[in-house]
Amino acid sequence: MSKVWVLGAGQLGAMMRHAAMPLNVEVVPVDFNQSQSVELAEDDVVTAEIELWPETKATTVLSSHPHFINREVFPRLADRFTQKQLLDELAIATAPWQLVDATTQAPELYQSLGDTVLLKRRTGGYDGRGQYWLKQSEGTAVPEGWHQEAIAEQKIPFDEEVSLVGARDKAGNLYFYPLALNLHVNGILMASIAPLQRLAGVQSEAEEMLGKLLTSLEYVGVMAMECFRVGDHLMVNELAPRVHNSGHWTQSGSSISQFESHIRAVAGLPMSKAVIKGQSVMINLIGVERNNNWLAVDGAELYWYGKEVRVGRKVGHINLTSTEPTQLNSSLTKLATDFPEPYPQVFDWVAENLR
Ligand code: ATP
Ligand code: MG
Ligand code: MG
């Protein structure tokens, strides 16, 4: 059977490999700087765990393979300018925005977008890095080096942040997971809850938005759509043409994880509607040392990425799934005792939002 090669050798590629094992599909994550040559067969397929990569010997070989799935989509979504243009073209609600060109100054941004404006670097930003708030009251100016490198967005006074993970197969069929409710602290995803009964009302709007995108791009595989919920409606914040952190809960909470969905789609295997098991909580492990006490908590499923622990770095996550709210709550209470700042507020948020 053909192999699935992955551009990038981080945790997402590793979890694709893990998910593909029971199917005996070989997934081979490739480090950008891998020195030994990669030798692809004609019928192998290539996917990516990231939307932008440096040009190296390894990435050149992988990205020029005829079966590099979604080849045209990556550059289009990796640049926030062309990503926002696509959303506008498809008339999908998103935060009003403007390109920061060579001469754009703050006053014109305040005039068109309001008195608080968020600059986002066009490429390379993640976990809230590559963002800069402009405030009219403080007379903030567009910083040096951001001209032609950023877009400006209106500040959205959202109620909460949700995300939808969906997949499209080669025949064009669409599959969606239930929306996840996400908590970000300082721009980093800390926890997700899915499904949530109170989000059922915006599920179909979300599916329509992502479905339109997947179909118009003739996309194959998993894509994630981060949204702001504002009242009864959604606005797209950003898109990720890959498996996504806010979909990690599907590893324990769904009959088919997002990783397996992605592999099935790109490998051309049959897809089916995932069956959701109870309710799930995903706690991201950000800059914390591994603690094996987590393993003693009933229902806790640890994914430890084996990376060096650094402040603000994603080093693992824990999934919990249950059909019993009391069981989920008692496990979370037990888990919470072993976490440093700012986790107490994360566990409080989870407890407040469950059910
Ligand atoms: P990720 O790690 O998800 O890729 P990122 O660095 O690409 O993050 P965004 O998702 O665009 O950045 O923004 C990070 C967070 O900043 C959002 O989750 C949200 O909390 C906040 N944010 C982004 N855009 C806006 C906006 N227009 N108005 C208000 N808050 C915003
Ligand atoms: Mg992003
Ligand atoms: Mg984001």
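Placement of Cβ uses the backbone N, Cα and C atoms for every residue, glycine included.
As given in TrEMBL:
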BINDING   Arg80, Lys120, 125-131, 153-156, Glu161, His184, 237-238  ATP binding site
DOMAIN    84-267  domain 'ATP-grasp'
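Shown here: features listed in TrEMBL, placed on the structure.
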| residue | record | DSSP (3 states) |
| --- | --- | --- |
| Arg80 | ATP binding site | helix |
| Tyr126 | ATP binding site | coil |
| Glu153 | ATP binding site | strand |
| Asn237 | ATP binding site | strand |
When the Cβ positions of the binding-site residues Arg80, Tyr126, Arg129, Glu153, Ile156 are compared with the atoms of ligand 2, which fall under 6 Å?
-> Tyr126
Close to ligand 3, in the sense of Cβ under 6 Å, among Arg80, Glu153, Ile156 as binding-site residues, are none
Taking a cut-off of under 6 Å between Cβ and any atom of ligand 1, tell me which of the binding-site residues Arg80, Tyr126, Glu153, Ile156, Asn237 pass.
-> Tyr126, Glu153, Ile156, Asn237
Mind looking up the mean pLDDT for the domain 'ATP-grasp' (84-267) in the predicted model?
-> 97
Tell me, how many other CB atoms lie within 10 A of the CB of Arg80 (ATP binding site), whichever protein chain they belong to?
-> 22
Around the Cβ of Tyr126 (ATP binding site), how many other Cβ atoms lie within 10 Å? Please give the count over every shown protein chain.
-> 14
Please name the residue among the binding-site residues Arg129, Glu153, Ile156, Asn237 whose C-beta has the most neighbouring C-beta atoms within 10 angstroms.
-> Glu153
